[in-house]
Structure formats: C-alpha cells, structure tokens
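Asker: My questions all concern the structure below.
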Amino acid sequence: MAGSDPAPFLSQADDPDDGPVPGTPGLPGSVGNAKSGDPEVPDPEGLQRITGVSPGHSALIVAVLCYINLLNYMDRFTVAGVLPDIEQFFSIGDSSSGLIQTVFISSYMVLAPVFGYLGDRYNRKYLMCGGIAFWSLVTLGSSFIPRERFWLLLLTRGLVGVGEASYSTIAPTLIADLFVADQRSRMLSVFYFAIPVGSGLGYIAGSKVKDVAGDWHWALRVTPGLGVVAVLLLFLIVREPPRGAVERHSDSPPLNPTSWWADLRALARNPSFVLSSLGFTAVAFVTGSLALWAPAFLLRSRVVLGETPPCLPGDSCSSSDSLIFGLITCLTGVLGVGLGVEISRRLRRSNPRADPLVCAAGLLGSAPFLFLSLACARGSIVATYIFIFIGETLLSMNWAIVADILLYVVIPTRRSTAEAFQIVLSHLLGDAGSPYLIGLISDRLRRSWPPSFLSEFRALQFSLMLCAFVGALGGAAFLGTAIFIEGDRRRAQLHVQGLLQEAGPTDDRIVVPQRGRSTRVPVSSVLI
C-alpha cells in the first residue's frame, strides 16, 4: 500500500527536513547533507571520470574561454573608445553614432537563437571556431571603409554579431558541463570578469592605438589578429564534455534534447528564467548606454568646464576620457563581479534566495549613484568619476550571478537555447536600442536649444538620466525572481536526476517515477 501512495515519496524527495528514500538512488540530498536539497557533488576524480577531462585541463579550458570572452568585449568597445573620431570622419550626429552599436546588437540578437539551437544539438567547439574566424575577418574589413560609405560600416558591424552569437550562447554551457555547485560559480565569476575587463581594454586599446598610429582605423585592426590566436586555442585545447553528465547520478537515464518548441514552452513557463532575464535586460540597457556614450559625455563635460578644447572637424579628439573610463570599467568590473559572487555565496548558506536578492540590491543601489554622476558633471568632473565608479561597481555585481541562476533553473539540454533567448530579450529591450534611443533623445533636445557646446552637454546629460529609471525597474524584476527561485531550481534538479518528467503542453501535471512505475501528480505536489 505504501507504494501506491505518492504523498510520502514526494514529500521526502522535496522536503529539506526529510532524509533520503530507500531505493531512489541519485535523489537530491540523498548523499552527504540530507538537508541541502542539492545533488551530490562529485570529487575531482569523479568529475574527471564523468567528463573525461582532468581538473587541470578543465581549468585551462575556462582560461581559453575567458580569453575569448575578453576579446569579444574588447572588440565591441574599441569603437566606443574612438567614437568622437568616427563621428568626425563620417560627419554623423549622435543618432547615427548610436546606430553603430544598435546594428551590431540587433544582428547578435537575431543570430543568438540560431546558435542556441545548434549549441544544444551539435559540437559546440567547432561552432565557436567557425563563428570567431568569421568575426575576425569582418572586423578587419571594417577598418578599410572610406568616409563616404558609412552604411558599409554599419553592415560590417552587423556581421560581427555572428561571432559573438556563436560564442556567448555556447561558452557558459561548456563551463556548466565541466563543474558543479560552488566550483561552477567560481569558474563563471572568472569567465565573467572578462566582460568588464575586456570592455575597459577596448576603450584603452582604442584610444592608445589611435594615439600611437595617428589614425583611428588601426584601433579596429588589433582584435582580428588576437582572434586568430583564439581559434587556434579553441581547436587545440577545448574538449566537448557530455551535456549534463556532472549533474546526473550514475544510474540516471541520459537527457535527450526535446523539440525547439517544447524548449520554448518550458522556458516561458519558468518564472525564474523570465524574470531574471527581464532584470538582466535592464542591466543591458544601462551598460549599453553608458558603454557608448559615457566617454563622449565626459568629454563634453570637460569642454563645458573649460578643462579641454572642443572636438572640431579635422582635429583629433581628446582620448583621455576614454582611457580613464576604460580603467574605471576594468576596476569596477573585477571588484563588482567578485563582490557579487562572494556576497551571494555567503548569504546562500542561510538564504536560498540570495542570488536574485544580491542582483536586486546591486541594480537598485546603482541607480541613485548613476543619477548623481550625471547631475554633478557640470560642477565637478572628479565627483562624476567617483559616482560612476560606485554605480558601475554595484551594476557589475550581477554578471556571474545571473548566468548561474540560468544554469541551475534550466536543464542542461536547454541551456544554450535559454542563453540565446536571454540574449534576445536583454538586447531587444536593452542595449540593441538604448544607444540609439539615447542619441535620438539627445538630438531632439539639441534642436530645441540654441547651438552651443553647453546645449550638446545638457542634451546628452538629460537623455542619459533614463538609465537610472530603467535600473530601478530591473531591480524590481530580480525581487520578483526571488519569489520563484527555490521551486524552479528544485524542479530542474529533479528533472536532471530522472525523478521528474514533463507532461504534454496541454497538461499541467508531471510524471514522477515511483518504485518501478510512473505516477502523474500535480506540479504543486512536488514543489511544496
């Protein structure tokens, strides 16, 4: 009779106060700390047997992926580092300048689902090699465009999105298949250090290479050579681990990919994934706007304060603000990512909702400091830099945490697709349009005022204040994520362990294997 009653079995599988159930190997919490609710964490030798990759080689693979991630963001923000020169060369305004980043992000966004689908089904190593090789060639070609062909620059920047889409949707899933638990969080933090550091190096490389060569075109010729090195490292070092093996128990059935539409339905019904993606969209909106416009805004602030001459047609624009902002981006990125991961790791011991709460605190805390950095720019450039430093540090706290949330609330065979659609959402509503929107608002405001350097500064200042409001909205989305995070994480763990199977799209019940037979029960019975 006990075998026919699903309630005791289900409560023992999910209730953190109960121990393991005999005869259910691989049950989360059945080994080690029965209260953890987490799957068993293999030791290094166990991980090597599962993945076929030694711990040292796994760390080397993460280093290669980190280098390529750094290179991607370095290339993306090299353009921002020489944006005043590009405006002078092509004789374009703020809205056209914002379009450079918007076209790139739009292409990246459209191609991400394609590579997400391929990354869940085919060899991820070779997909990344092909994408990065293509990206390197297109980036090199964009540095030879004549001044009367601005549309061609837009086209090449759009094609650069192929390389980023092939990499950003796939690389985190490789890390997820090599490490588990706290090891995965640490490796993801290393991987995401490359985003702010690469962004900062993009500003620095763009401004310094331009100064040394006397021509901004040479700034776009640095990363293609490094891209060739990246392809060689990928081909020679990176190995393809089995998907989801480190999270399955040895006697659990392997996970098989489902249809693309089934993946989309499952992701749409995962509130933690949807809300955390909306929160990350706010991060993308703010960082995309600041990445492109902050150096130009700081330059205009110095012009208004009389600290630097204006950038006139035919003259080389001052690159000191791009250099300083690049250094700030590097420092705040390293500090923010490391701080966010460490705070989350410590709080997670007492609060299972720590990850989204830390993300919410970072976004809600950054909003007032970013607003103050804009408000103080006409009075003190030093105060502006201080507030930017604090605001960007808080903003950077969520990079690695958001990626970790996705990896533990989505099953392994859907992770590349989930990465892809998080990219689509965050860029569609975030940094695909925010640089152009900020530039468009700035141009509209300038038309209503008499032409002057002060009006140029004020127009960009007021348009950038939108970022503080969007950041606050993102914080609210992460607070919503905290409501659902425990149930969605437990659901994914049960699925990976083979203890939960999805029902059809018209049924809100699930199938739970129980001592040799399957029992269909409501989802709420498993998650209570």
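Any Cβ shown, glycine's included, is placed from N, Cα and C.
Residues annotated as region 'Disordered' in TrEMBL: 1-49. The domain 'Major facilitator superfamily (MFS) profile' annotation in TrEMBL covers 61-489. Among the features that TrEMBL reports, transmembrane segment is placed at 99-119, 126-145, 165-181, 188-206, 218-238, 273-294, 323-344, 356-375, 381-411, 423-442, 462-485.
Tell me what's around each of these sites.
Answerer: Residues of the same chain lying 6 or more positions beyond the ends of the transmembrane segment (99-119) and with a Cβ under 8 Å from any Cβ of it are 76, 79-80, 83, 86, 127, 131, 153-155, 157-162, 164-166, 168-170, 173, 260, 288, 291-292, 416-421, 423-424, 427-428, 431-433, 435-436, 439.
Residues 68, 75, 115, 118-119, 152-153, 156-157, 159-160, 162-167, 170-171, 217-218, 220-221, 223-225, 227-228, 230-231, 234-235, 238 of the same chain lie 6+ residues outside the transmembrane segment (126-145) yet bring a C-beta within less than 8 angstroms of a C-beta in it.
Residues 38-39, 41-42, 47, 51, 53, 58, 61-62, 65, 68-69, 72, 107-108, 111-112, 114-116, 119, 124, 127-128, 130-132, 135, 187-188, 191, 238, 240-247, 403, 406-407, 412, 415-416, 419-420, 423 of the same chain lie 6 or more positions beyond the ends of the transmembrane segment (165-181) yet place their CB under 8 Å from a CB of it.
Listed as Cβ neighbours of the transmembrane segment (273-294) (distance under 8 Å, sequence separation of 6 or more from its ends, same chain) are residues 76-77, 80, 83, 97-98, 100-101, 105, 199, 267, 325, 356, 359-360, 363, 366, 370, 388, 392, 395, 398-399, 402, 405-406, 409-410, 418, 421-422, 425-427, 429-432, 434-435, 438-439, 460, 464, 466-467, 470-471, 473-475, 477-478, 480-481, 484, 488.
Distant neighbours of the transmembrane segment (323-344): 77, 81, 185-186, 188-189, 192-193, 195-197, 199-204, 207-208, 294-295, 298, 354-355, 358-359, 362, 385, 388-389, 392-401; these residues of the same chain sit at least 6 beyond its ends, with a Cβ under 8 Å from one of its Cβ atoms.
Sequence-distant contacts of the transmembrane segment (356-375) (same chain, six or more residues past either end, CB-CB distance under 8 Å): 272, 275-276, 279, 282-283, 286, 290, 297, 336, 340, 343-344, 347, 383-388, 390-392, 394-398, 401-402, 405, 461, 464-465, 467-469, 471-472, 474-476, 478-479, 481-482, 485.
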Asker: Should anything in the same chain at least six residues away from the transmembrane segment (218-238) have a Cβ under 8 Å from its Cβ atoms, list it; otherwise answer none.
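Answerer: For the transmembrane segment (218-238), the nonlocal Cβ contacts are 57, 60-61, 64-65, 67-68, 71, 74-75, 78-79, 81-82, 125, 128-129, 132-133, 135-137, 139-140, 142-143, 163, 174, 205-207, 209-210, 212.
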Asker: Given a Cβ distance threshold of under 8 angstroms, which distant residues of the chain, six or more beyond its ends, lie next to the transmembrane segment (462-485)?
Answerer: 271-272, 275-276, 278-283, 285-286, 289-290, 293, 297, 352-353, 355-357, 359-364, 366-368, 370-371, 374, 395, 398, 405, 409, 434, 437-439, 441-442, 445
